[in-house]
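Summarising the annotation, TrEMBL assigns compositional bias 'Basic and acidic residues' to 1860-1878. Taken from TrEMBL, the feature domain 'C2' covers 1-112, 151-289, 913-1062, 1125-1253, 1419-1537, 1652-1802. Here TrEMBL flags 1858-1878 as region 'Disordered'. Positions annotated as transmembrane segment by TrEMBL: 1923-1945.
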Amino acid sequence: RSKLSEKLEDFQIRLKVVCGRQLTGSNIKPVVQVKMGKVKMKITKIRKGSSPVWNELLMYNFHESLKELYDYVVEFTVNNSRKLRSDSLIGSFKLDVGSIYDQPGKYLLKWLLLTDPDDASNSPKGYLKITVCVLGAGDQPPDESAAKDENEDDVEGNLLTPAGATLHSANFALSLFSAEDLPQMDSIAFKSMKQKIGLGGDEDVSKTSVDAYLTFKFAGKKRVTEVIKETNEPVWNERLNLPLKFPSMCDSIKLTLKDWDRVGCDDPIGSVTIPLSHISSTGEAGIGFLPTFGPSFVNFYGSPREFTQLGNSLDELNTGKASLDGEGCAYRGRAMMELLMRMDEEGAEPKPPSQPVNEEKIALVQKYMRRRQYRLVVGFESANLIRKPLERIEFEVSMGNYGNKFDCDVKLSASTTEPHNAVFDGVHYHYLAWTSKKPIMMVTSQWEDISFRLYALNLILRIIDELQDQITEVNLMVKQKEDEIEIASKIVTILDEVILNTGKKLPNPRGRTVSNQLDRRIHRQRVQMFEMISQEAKELRQNCTDAQEAIAALHDFIQRLELVSHEPQNSFPDVIIWMLSDNKRVAYTRIPAYDLLYSPERQDYCGRFCSKPCTLTLKYPTANTKSKKHYKVPAQLRIIAWLGRAKDQSNFEFHSKGDISVIQDTYETEIKLPFKGWTADGYTDITGEIPLPKSVFRCPTGWLWDGDWKINSDLASLYDTTLGHMHVVEDAFEFEMRDVGTAWQVRKVTNGKMETICDMGAIKVPSGWEWENEWTVDTKRACDEDGWEYATSDDQTVGELVWSTAEKVYHNSRKRRLVRSRVCIPLKQKTAELLEEGWEYATTMGCEFHIDPKMLDLVRRRKWSRRMVTSDDRGSAAIFQLDKSISYMFTFFCVLESDKKANKKDRHYQKIPLPKIYVVYESVWQLHLRAYIYQGRDLIAMDGDSFSVNEAVAFLLLTKMSTISIALMFLPDPLVLVSFLNHTARTEVQKHTLNPIWDETMMLDIKFYGDIDHLKKYCPEVSVEVFDSDDLNSLQFMGRTSVKPIVKLDQENNQTPKLEWHDITKANYTTGNVLTAFEMILVNVKNLVFIAHIKNCFCNFNQNIFNSTGVKKQPCKTIEMPLPPPLKPGVNLPMVPFGIRPVLQRTAIEFLIWGVRTMKPFKLLSVNSPSVLIQIGAVELRTKIIKNLKKQPNFTEPLYYIEANLPVDDLYFPPIVIRVKDNRKFGSRPTVGQHIITKSIQYRIKPPVDQPQQDEGFVSTDLAIEVEPPAKPGLKLVSGTIPIQIREEELDWWSKFYASLGDGGNCRSYMESGLDLIKVIFYFLKYVVPPMEINMEVITEQVQGSSPTVLYFGLLSIDKTVYKDELEKQEEFNHFSDFIQTFQLFRGKVENEDDEPDFAGQFKGTFRIYTLPEDSREPSPPRYFQHLPPSDVVEVKVRIYVIRAFGLAPQDANGLSDPYIKIKAGKKRIVDRENYIPMTLEPTFGKMFELDLILPMEKDLYVEVFDWDLIGTDDKIGETVIDLENRYLSKFKAWCSLPETYCVTGPCPWRDQMKPKEWLDDKCCKEGWDEPVWNGNTCVMVDGKTYKLDDYEKDKKPCKHWGPADERLALYILRTFPHVSEHVETRPLLHDALPNIEQGRLQLWVDMFPKSFGDPGLPYNIEPRKPSKYFLRMIVWNCSEIPMMDVSVLGDKMSDIYFKGWISGLEHKQQKTDVHYRSLDGTGNFNWRFVFPFDYLPQERMVHVAKKDHLWSLDKTVTKFPPVLNIQVWDNDLFGPNEYISEIVLPITNMPKCCKFQRFCSLKNVPDMQGNCKMEMVNLFDQKMPLKGWWPLYRMVDCGREQAGKLEMSIEILTEQEEEEKRAGQGRDEPNMHPKLDKPKHMLSSINLFIFLSFRSRPATSFAWFSSPFKSLRYIIWRKYKWIILGLLAFALFLTFFVMFIYSFP
């Protein structure tokens, strides 16, 4: 995700909550809450039951970057609205938007497993079905219908949780041990002050300025370690435990080191993100593994390490998300850690958030901290493309904090180059003058040995690189259509190499010291990947027969290799190269350490850049994602580097022909004292702080001194830009200025550094040099004959001007360059002078030094150098002994500083300079680079005609120009800069064009100091940059590219450069193309030793530095140079030579320039008198002027013809530029819009011939989609179908519409009527079919014949073809551009690279290009455009049939809209506001609108959909625009589409203006054919061809609605010509606020009728159908086995049963039975009738519910629901709420049949989650008799169903008429008939058992006890306890008698 765009864009997320399943809970009212991103939350409506249906669409609009949008989290929460908020959660689910965006089509249709985060058991809480898609600009909504299949209800199979149906509890354990190398984070001023006054210790206070702790984030959860205070090497030994649900949708772990602050926010130190996919695998057993990491170090990156008190603008880089590429620019430290995931056992106690790591683990980790010494060597070849003239430029090489010149915590390394000033290249850039002496940097560091990890990574990366290069070669061969045998041979070679490479052995981590579990897992994964690829490559080699198949397989190999090309445990910090200026960091580049790593084991294990020259582009550090620094290049480096173990340093070799030279330096300083003058002050380092006498220096082992100390003038490189050159050209500039109308006057004279001087004599020759000639004017530049260049400038812009070669009246500044050559004095003569020179002066040691002494200078110094040479055969590896040279120096320094503290010694010791290492090239190579810059195209508009009025006025005042030339001055003026090594060249400026043709050859003579073999093998690329000179002639960057030149180093290479197009980019965006080629030629091969140069560099070293004999002579091998290119006529500039430039051919271009449309105002004035300027290369064409655009927007003379010499190859064909100019008063002709056509191949044709045109349609060339008759030979009815009786009253236009869709249920008997179908053109089937269903039983059958493939739907076999675009976007119609095309015009400057230019209007026209004979005397072919229609205006009657809309964006707070139609064209409007359709997103309009329009002024027909609002303005949902003019002018006659058959009656009679015979006569007249010759009314001859009616109708079923036979035959003939068949198209609705993001779709079609042809027929009636009234009667007879819910006071289990029923959507009309009290065995008797009236549309199979959502609602909302009968059983309670028992849900159109016998009734009788059911499924509407029997009742328990009773009922559907005939009341109310229901009788005694079994009477105990207390005593207490009562009474009686007996006993 780090590569995602940060461009701000408009996105729309469409989320549809479909339904729920098995939601936990009884009698619930679920509601779904969806939270998207940070604050956007939406809630669905409340539904009932555990399987609710919502079908609600939620839309979220975002204006975010894709990178930010990826991290947004979508949270689904399902709550029970019946409960309190604190206890309402049913379940939830989270996923991020990135997971959706990564899906195919950015679309997801899944079931979500809902869980409760607080539930320790993690049990499922139900399922939620959703569809969600992410739409960006230009994206089309997905085809939901394509994703539906027969398994769409398979919840388990389509669950969104991977690898299982449940989430498991897991624990992420992060063990953090320690950290190191943390930078200073707090000020140490207070601590330093305490040390100075003796209150602090002797420790380094900078190491105590960090209070570090670490944050661990994953899946929205966070853990924090304790704070370790006052140390930059904290030790935690702490373990963080983070519980989570696994598998998780989160893909990354983020670790951030922070510094704790007492006051304010904590500061981030650095951050790192670990992708979960890199440390885990979801593969099969043996490959897959849980996330694991370490123990290993993790590197942190961020802003530079240097601490600043005021903060740093780059501090945001420490958070890891501010940078454009997500990387930090500096190393910030690293931490040792281990990460493990463990699955928790059920019932396990949660682990504490933090706990200490045990001692055993700490001891085990120590082995992972073992260090090994590594050597990093970087040689700098060149530094160029430096943008600014920076001073004291240095380059610092660091790895970690090793090599950081500002970091005193590590040993100082030779990591920084000597400071140099940038040298101007004479054109635009600067460079560093490293000639024959190139600096080498060496950094010694210590890291753990992880080479085995990086060896494997390098091997995989090497395989990927080689495979990509080879695939590119194969693609080029395929593109160039080379021989198939050669392509096959190349593919076989590639496969052999793949087999060979994947057979190579990967380093085994086992046995390595620092290897861990993740190493072994990744190794196993890579080995298995290699084996699989090798096996597949072998099979592909044997079986593949197609090149594209092989290329696709090779791409698949690369993708699979890239999956294992990551090393998450790369603890080597990146190598960072910084460019510093005056000790300030300017720019940087990062190189992964593994790219430079050396392997002694195998060459394949070495890094890609190890010991190989590579070019690095530096970048500015910035935390601003919108900064221009992201596309600016501060500098470019060419380096050669090596990284390896110290034990392998003997193998170090650059493989270069240069010699290693080592120089030791010290500085002799003197101070100026009063009256004494200059007095010696000893020898010090460059800072003057460390004393370095010559005696302190000692040679390390293996090195010897080569000569004595010599004065070194290398410091002059800071002031002298000629270091390393023997022949130097000094330059100076003369500047002159003038006011308008005055003569030129001298303004100033400057030297080459643009420093003002008094005269030319002020430029002195430096010491050791002498003048070779006098000052002369340089006329070899782009200048006039006197050397002058001209510009318009002021004081602020002089340094940034673009100079012109021709003088203009508005130029007020000019300059010319004067040059003078100087040569180096011979060595012997120069030596004596240098012995007395070499001083540089300054006021103090801390000030800037200079060469020329000044009065205030008090300090001077000069540099002494001494060279060292090796004394053994170690070669280049001897440089690694140099770090020992400071050991003696350190001892000496300690003696001098013995009175100081030890810590201060150490810190000064770090500053002791190391010897300087160079590679010296003895040879210089003369190279010649030729850059062929031919042309550019599609450049971005940088200024254009959209400049502001203020800019125009300012420019006008400045230049005193007339308004005539202003329009041209503000068009882009591109030029090209070509840079190679230290040289730059520039083309001429091409004025006022986005498609410039430079046609220049730039020749650069280059002296190359280096290895010519390296140059041949690793040649650097040529940098090509395009700039625009803006209104004040300053340069504005437009884009850049890099091109590798052809290298010619010997005579054998005779390759000719070929011009190729290269994309130029700006901040990763393509901004145009340039056509270029480059070749580099070796002029000669000489081994030159410049003795004088050696003197200058090394201060008169001995003659034997390179060769004791001085010059080593070799024979000169001269390579023949190519011929000089020809010069442009009239301009002293070389062109692209013949053989390279494109081949031209005599070409004819015909222009049909019809007119311009919808021109936008320009400069606040409307465009009224336009003309058109067309440019093709150097060819221009200007049209006549349209006098009045409002009255006649067409040109009176539309045809133009020109001949020109244009390229033969389409690759080089120049773009066609269309410019529209407005001809205004006073001669002003501004460009008000333009369009550029880059691909002209579509306009190229073969030369026309004089042949009569053939009938286009007769020989099966019909371009329209045919809809054939519904009866053909071989077509059969689907088996099992019954012929349908035709009912005329059921046939309407909608029947035809639905029949065309294949919806047999909606079209009823239309398919049997013999009537034709229409073509439905739509994007996706989803928006045509829902809410109806397609008959999935339709059989597809291919019909063969002479006609095109046909469509059949309904009950007949079909061949289904679905269009996915508007009518004009169909391939056969091609936007109806067969006559003219519409070109969009744009204008304006693009301020942001992400923006597009402003729309300016439209141009109507087209072109045809064809070749002509080379000999102009040969006859030309006939013209292509002939017999054009008149360009006058046309009056037409337009009928717009608006059918319906789908997927509208909701506009109201309730998530719905009140849509209505508004139509406009020109100034005409139709607003259908009063007929708005309330509360819907899928309205069915069924409206026809009629307008009288004038073409072309009112050509654009806008059909808009608005949302009606009671208060305020209505909101526009979207609009679609139809170009009526193109349809009118097209040969397809798109005025009125042709039906398949001619009908005069019926639902769709003929509606055109003329009958088919009249149209056929008109066609013959226009084509110049003879009139049709009729033979009766069934045969006719047209254009020599005979047509018979029987050929078209022999297999058709006759229809009574057909018209006369001759008219039918004429229609059949017309359909053989290009035409548009009868259709319905679906058009996207767009909104300006969200460009290119659809807001819904609208189905419609348009008819046009030119009034000159008469009145049209009657329009079709397309009013929508209305639902019918139906009644569902259900009689609840009995129930059994109902669970007992209560316990009586007598201890009996019982239930008071009653039933509740309703139809989905009509919950407010639910009905209840009476109560069956005291059911002791679950049995109930009711004899109760439910009568549910509802509105139902059979064609849609939906219940229409119209009701107001609120009391204050104005309209009833029509909501459609599937017809579902819901029946629930409840327990009635007197006190407290009633209790839910069980239910059954029966879809009326697909319900299971009942069971006749109670004992066979079980859950198998109803469908389960997979749809399995043993009973037959029936549609209740098709049942003639009521269904009566038993159905099972069930309830949800633990996310499953269990049976909870049985229900006996009868159910039937009645129409309104049948209800009137057979009336029946609800319950047992009157009229109690059909059947009559008696109240259940009570069973009085056991004798009535037979009656009870027969009539299901209620038992006598069924009553409410509180209403019948005596019945309670009789039937409840007495019946159950009568014997007890009798016994008690007997006992009481006996006791009474006994007491009386005792009492009365005497």
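Every residue, even glycine, has its Cβ placed from backbone N, Cα and C.
Given the structure is predicted, the values throughout are model-derived calculations rather than measurements.
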Counting only residues 6+ away from its ends, which parts of the chain sit with a Cβ under 8 Å from the compositional bias 'Basic and acidic residues' (1860-1878)?
1673, 1675, 1711, 1713-1714, 1727-1731, 1854
Quick check on the domain 'C2' (1-112): DSSP residue counts for helix, strand, coil, in that order please.
16 helix, 60 strand, 36 coil
DSSP helix, strand and coil counts for the domain 'C2' (1125-1253)?
9 helix, 54 strand, 66 coil
Could you please provide the mean pLDDT value for the domain 'C2' (1652-1802)?
87
Looking only at the compositional bias 'Basic and acidic residues' (1860-1878), what are its DSSP counts of helix, strand and coil residues?
2 helix, 1 strand, 16 coil
Using DSSP, how many residues of the domain 'C2' (1419-1537) fall into helix, strand and coil, respectively?
9 helix, 53 strand, 57 coil
